[in-house]
Amino acid sequence: MTNIRKSHPLMKIINHSFIDLPTPSNISSWWNFGSLLGICLILQIVTGLFLAMHYTRDITTAFSSVAHICRDVNYGWLIRYTHANGASMFFICLYVHVGRGIYYGSYMYTETWNMGIILLFSVMATAFMGYVLPWGQMSFWGATVITNLLSAIPYIGTSLVEWIWGGFSVDKATLTRFFAFHFILPFIITALTVVHLLFLHETGSNNPSGIDSNSDKIPFHPYYSIKDFMGFLFVFVILLALVLFSPDLLGDPDNYTPANPLNTPPHIKPEWYFLFRHAILRSIPNKLGGVLALVHTIVILIIMPLLHTSKQLSMMFRPMSQCLFWILVADLLTLTWIGSQPVEYPYVLIGQHTSMLYFTIILILMPLVSMMENKMLKW
């Protein structure tokens with residue numbers, strides 16, 4: 001008798017994706033983050049669903065409904081803080097996942113890579129709209145400032161901003177539509193994730209060495225399922241510690257003040273996972289220039305395959321490229337710190353230099369160093 005997982009039409013799909021999936025025998029823990037992102041997405045959808053049951057998307061009651069969830073709903077505080085800090089864990093996993101893709105040359109699997117960039121855009125949009133929903137000071141002013149960036153688009157900019165707002169300022173209509181989009185986008189992200197996996201399983205996973213591994217593959221279960229489970233436990237413990245001991249560590253104190261259109265906070269800044277983009281945006285004194293730089297922080301990832309000049313896929317055997325990669329990581333961490341600082345000397349100057357370095361490394365130095373390494377290896 002044939003095993004049900006190999007004969008049943010639905011089980012067969014699950015079997016080929018998660019059980020008998022041929023996987024390179026040498027992939028490291030850096031490959032855990034894809035499955036961790038899946039777990040984070042499920043966690044966000046479940047906690048978000050429970051929050052939506054108690055949240056009211058009206059500017060007069062939104063702030064107090066969040067307070068009601070934390071005070072009066074059974075374990076409401078746990079659900080709310082798991083959702084808020086779960087977003088932070090999501091972005092940590094997301095950035096590590098993208099970083100691993102750059103380090104090991106996974107961007108050469110173009111369909112999977114481009115679908116991943118679409119997913120990154122979608123997750124960023126979802127997180128931004130979710131940050132607006134508590135209707136605190138930083139929610140309101142963050143929404144006002146970020147949506148206002150679209151006014152930099154020539155001719156249609158102002159009309160576009162008013163169309164998104166549903167009026168002449170961020171108001172009731174804005175909150176209602178942001179809630180609607182924030183609710184539906186995670187399900188769209190889930191569908192896009194399935195397509196992302198579909199493209200990945202067409203080509204098979206990359207591996208640290210960057211060479212073809214078709215001759216040396218092992219089944220995903222139990223070898224990697226147990227490894228992924230360890231990753232789940234590790235992230236779950238960190239998230240639980242954050243939620244139970246320091247739930248507001250990554251939040252902004254201004255968001256505990258109800259939104260007031262007549263009182264601007266001294267320093268408007270987004271959540272920590274957008275700070276490096278925020279730093280790049282404000283390092284250019286021109287509005288349109290800043291918006292273009294902001295957009296290109298992600299668009300630059302799309303052209304990564306075109307910038308690949310090395311004869312090797314992975315950076316595993318390329319020490320000079322490795323050095324550049326870790327300088328890029330340090331640069332992004334510096335930009336994150338700069339984004340949290342006020343707009344004054346020396347932070348503006350440091351921000352301008354680090355923004356320039358970010359684009360220089362990816363667009364100029366990485367391709368040049370790769371060509372040098374080819375010469376050194378006489379390729």
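Positions of Cβ are set from backbone N, Cα and C atoms, glycine also.
Copied over from Swiss-Prot:
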TRANSMEM  33-53  transmembrane segment
TRANSMEM  77-98  transmembrane segment
BINDING   His83, His182  heme b b562 binding site
BINDING   His97, His196  heme b b566 binding site
TRANSMEM  113-133  transmembrane segment
TRANSMEM  178-198  transmembrane segment
BINDING   His201  ubiquinone binding site
TRANSMEM  226-246  transmembrane segment
TRANSMEM  288-308  transmembrane segment
TRANSMEM  320-340  transmembrane segment
TRANSMEM  347-367  transmembrane segment
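Counting Cβ pairs under 8 Å to the transmembrane segment (113-133), the top-ranked stretch among 33-53, 178-198, 226-246, 288-308, 347-367 is 178-198. Contact check: the transmembrane segment (33-53) against the transmembrane segment (226-246) gives at least three Cβ pairs closer than 8 Å, residues 6 or more apart, which meets the contact criterion. His196 (heme b b566 binding site) has a Cβ environment of 21 other Cβ atoms inside 10 Å. Stretch with the most C-beta contacts under 8 angstroms to the transmembrane segment (226-246), considering only 77-98, 178-198, 288-308, 347-367: 77-98.
Note on His97 (heme b b566 binding site): other Cβ atoms within 10 Å of its Cβ, all shown chains, come to 20. Within 10 Å of His83 (heme b b562 binding site), as judged by C-alpha distances, no binding-site residues are found among His97, His196, His201.
Here the transmembrane segment (178-198) has long-range neighbours at 17, 37-38, 41, 44-45, 48, 52, 55, 57, 112, 115-116, 118-119, 122-123, 125-126, 129-130, 132-133, 143, meaning same-chain residues at least 6 beyond its ends whose C-beta is under 8 angstroms from one of its own.
Other Cβ atoms within 10 Å of the Cβ of His83 (heme b b562 binding site) number 21 in total over all chains. In this view, the densest Cβ surroundings among the binding-site residues His182, His201 belong to His182, judged by other Cβ atoms lying within 10 Å.
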